Amino acid sequence: MVQGGVLLGPSVLGKSTAFANAVFPLRSVMVIETMANVGLLYFLFLVGVEMDISVLRSVGKKAVAAAISGMILPFMIGAAFSYLLHREYDNHMSQGTYILFLGVALSVTAFPVLARILAELKLINTELGRIALSAALINDVCAWILLAFAITLADSETTSLASLWVLLSSAVFVAFCVYAVRPAASWIVRKTPEGESFSEFYISLILAGVMISGFITDAIGTHSVFGAFVFGLAIPNGPLGLTLVEKLEDFVSGLLLPLFFAISGLKTNIGLVRGAYTWSILILVIFLACIGKIAGTLIVAFFYQMPIREGATLGLLMNTKGLVEMIVLNVGKDQKVFDDESFAIMVIITVLMTAIIVPSISVIYKPSRRSTYYKRRTVQMSKPDGEFRVLVCIHSPRNVPTMINFLEASNPTKKSPICIYVLHLVELSGRTSAMLIVHNSRKPEYPALNRTEAQSDHIINAFENYEQHASFVSVQPLTAISPYSTMHDDICNLAEDKRVSLIIVPFHKQQTVDGGMEATNMAFRGINQNVLVNAPCSVGILVDRNLSGSNRLASNQVSHHVAILFFGGPDDREALCYGWRMLEHPGISLTVMRFVPGKLVASDHAKKHSSIDLDEPRVLTVETDKDMQKQLDEKLIREFRIRNENDDSVDYVEKVVNNGEETVAAIRTMDDIHDLFIVGRGQGMISPLTAGITDWSECPEIGAIGDLLASSDFAATASVLVVQQYVGVGSNGEGMDTPESKVQTNEEFISELSQHSAPPPRGGHNVFNTERL
């Protein structure tokens with residue numbers, strides 16, 4: 001926005017008098033500036049509402065030291081260069097006031113901008129990120145105090161007595177907000193019944209209070225934004241703050257605040273920065289201010305025995321500039337502390353210092369992710385008598401009931417408890433609350449600040465309630481705040497860190513009232529596709545078709561009819577193993593339908609086999625892999641049938657089919673009593689039994705059969721879990737794996753299959769059905 005204002009201003013296009021008069025006549029600039037200042041006032045009010053000062057209580061000594069040392073050195077550098085930058089164009093302005101403004105502008109760190117940079121760089125949950133955020137928060141508070149003090153000095157021509165009066169009046173205003181405004185806001189919260197919306201009269205009263213506070217502090221002698229900020233701090237966190245943020249955030253952050261940055265750019269005339277001497281001083285100030293922050297944090301890093309590279313990175317992060325700096329510069333210009341040239345120099349410094357941070361950190365700091373080795377990366381390889389770890393991804397509270405019902409049916413037992421990592425996926429956008437990022441990096445018990453955090457609380461509470469009422473289940477809630485384009489990195493890294501065997505992500509389409517399927521957000525599809533390619537373990541995509549509603553026999557028991565469609569291959573074996581695990585639940589009935597190629601397929605295969613050159617190494621490898629896959633399928637099916645032959649809740653059916661058309665017809669003949677299908681994605685498996693189905697597939701990420709079952713045309717309205725088995729680190733970038741990598745992994749499966757894939761048999765009558773058509 002600042003750059004756009006610079007382009008439209010006197011630096012570039014505004015040089016033309018005709019353009020300036022046509023686009024920005026004086027009367028329109030006054031209107032835009034007024035709107036920008038109103039937007040700034042309400043934005044600072046929102047910052048105050050969202051900010052939780054209690055966070056400062058948990059700040060460690062390391063962060064305090066980094067904040068103080070990161071301010072002192074740049075402030076001293078600013079003081080030293082003030083003599084070179086200061087022009088004695090205003091006799092009443094003292095050098096001390098100029099030093100104070102310049103020092104604050106150079107030494108402060110923009111807390112909201114830093115939070116977003118850390119989230120983008122995936123450093124938000126690291127120790128370095130936590131120190132940087134804590135230090136920036138302290139820095140922000142110090143900046144507001146110094147700014148109030150600087151404005152007081154700038155307004156007071158005869159310093160001593162007038163400055164003291166302004167400071168005392170400001171202290172009285174702060175005390176009024178703490179002891180009068182905050183209790184009044186708390187009374188409004190108590191008077192409004194829980195769950196009901198606040199009266200529009202109260203909301204209007206608070207919004208008017210923002211303007212009145214700004215007027216009072218402006219009349220006192222500090223700036224109006226100081227009053228709005230303190231008034232925002234006085235609003236208690238919780239439902240009232242949440243309502244105010246919801247009503248104001250989009251309008252203020254999306255429309256009014258950009259006007260402030262644009263108007264700052266319009267005021268900037270880079271053409272005034274002339275001569276090699278001025279430019280050399282400007283570059284030197286940028287360099288030394290950056291070095292000052294880095295030197296200050298390196299001292300702290302040395303004292304606390306942090307790695308030097310981390311200390312330098314922390315120093316770069318503390319150089320982040322943003323809204324506070326622009327406010328300081330605009331106030332300084334309004335108070336005649338900065339002339340046009342000094343203002344232009346400082347705007348350039350602010351923009352450039354922020355611009356160099358991310359590239360510089362990318363060069364000097366690359367946190368090495370150690371590759372976590374663990375063997376139980378699939379459901380098939382999980383121990384039947386060991387903990388089963390699952391990472392469940394949630395986009396919104398709508399995903400929660402089906403996920404909980406599905407996990408409840410996954411048979412947590414004393415011998416094999418389920419550890420569930422619940423990951424709420426939140427998009428990092430331009431208006432993501434910085435305090436939301438901080439809250440979720442610290443995960444304390446804070447009240448919700450906005451709708452996103454209220455959703456997160458709802459999700460966490462639902463899963464924690466499930467944990468309390470279920471046996472042998474542990475839940476660990478987490479939040480990932482990231483751009484959708486890189487969110488899969490957070491999911492995959494967390495899965496590897498927690499050594500999970502299965503990642504479950506919701507399908508990007510949801511069921512409508514008339515039974516159809518509509519996309520909720522196409523970005524979710526991109527996340528699912530990236531997770532399938534990069535996951536360090538097996539992945540399941542859950543298509544929700546009201547699995548949660550509701551075949552409950554009692555509050556702690558579910559009843560589901562589950563169907564597994566088995567064609568062969570690693571994904572189908574994984575699907576069978578998951579269904580096998582669910583079978584141990586007393587409320588689960590399981591139907592396994594295995595599709596067997598008919599005589600036509602066998603004869604076609606024989607013809608092709610006779611026509612190919614088996615001396616070709618690549619062909620030989622493919623044929624060997626096919627034989628290996630067939631052996632593994634037969635072994636697992638045989639094991640499953642032997643273990644469950646006396647189980648009256650299992651139906652095993654074999655269907656002989658010759659092509660995709662017969663496959664679809666066979667699936668459609670299944671009873672509509674099933675409320676969950678579990679199928680393999682079929683990655684890398686080319687089967688004549690699904691020929692033709694793939695051509696009509698809308699969503700390849702859930703495979704041909706998964707797409708058929710999830711389509712609106714399919715008569716049954718059962719939920720679908722599409723499983724992709726982890727097959728080793730030999731992937732070729734398309735989410736498919738080379739035959740060699742599969743052979744290697746499959747040998748492990750053969751050696752350990754009998755130990756790890758077979759739950760103990762369940763008693764019952766022998767009604768094991770086998771049909772061959």
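Yeah, the Cβs are placed from backbone N, Cα and C, and that goes for glycine too.
TrEMBL entries are annotated by machine, without manual review.
Given the structure is predicted, the values throughout are model-derived calculations rather than measurements.
The feature domain 'Cation/H+ exchanger transmembrane' is assigned by TrEMBL to 5-359. Residues or ranges marked as domain 'Cation/H(+) antiporter central' by TrEMBL: 418-554. The domain 'Cation/H(+) antiporter C-terminal' annotation in TrEMBL covers 561-728. Under the heading region 'Disordered', TrEMBL lists 752-773. Among the features that TrEMBL reports, transmembrane segment is placed at 30-51, 63-85, 97-119, 131-154, 160-181, 201-220, 252-270, 276-304, 343-365.
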With pairs 6 or more apart in sequence, are the transmembrane segment (201-220) and the transmembrane segment (343-365) linked by at least 3 Cβ pairs under 8 Å?
-> no
Taking the transmembrane segment (252-270) as the first stretch and the transmembrane segment (30-51) as the second, find out whether 3 or more Cβ pairs fall under 8 Å, excluding pairs closer than 6 in sequence.
-> yes
Where among 30-51, 131-154, 160-181 do we find the most Cβ pairs under 8 Å to the transmembrane segment (63-85)?
-> 131-154
Long-range CB partners for the transmembrane segment (276-304) (under 8 A, at least six residues beyond its ends), listed in sequence order, are 62, 65-66, 69-74, 76-78, 81, 84-85, 106-107, 310-312, 314-316, 318-319, 341, 345, 348-349, 352-353, 356
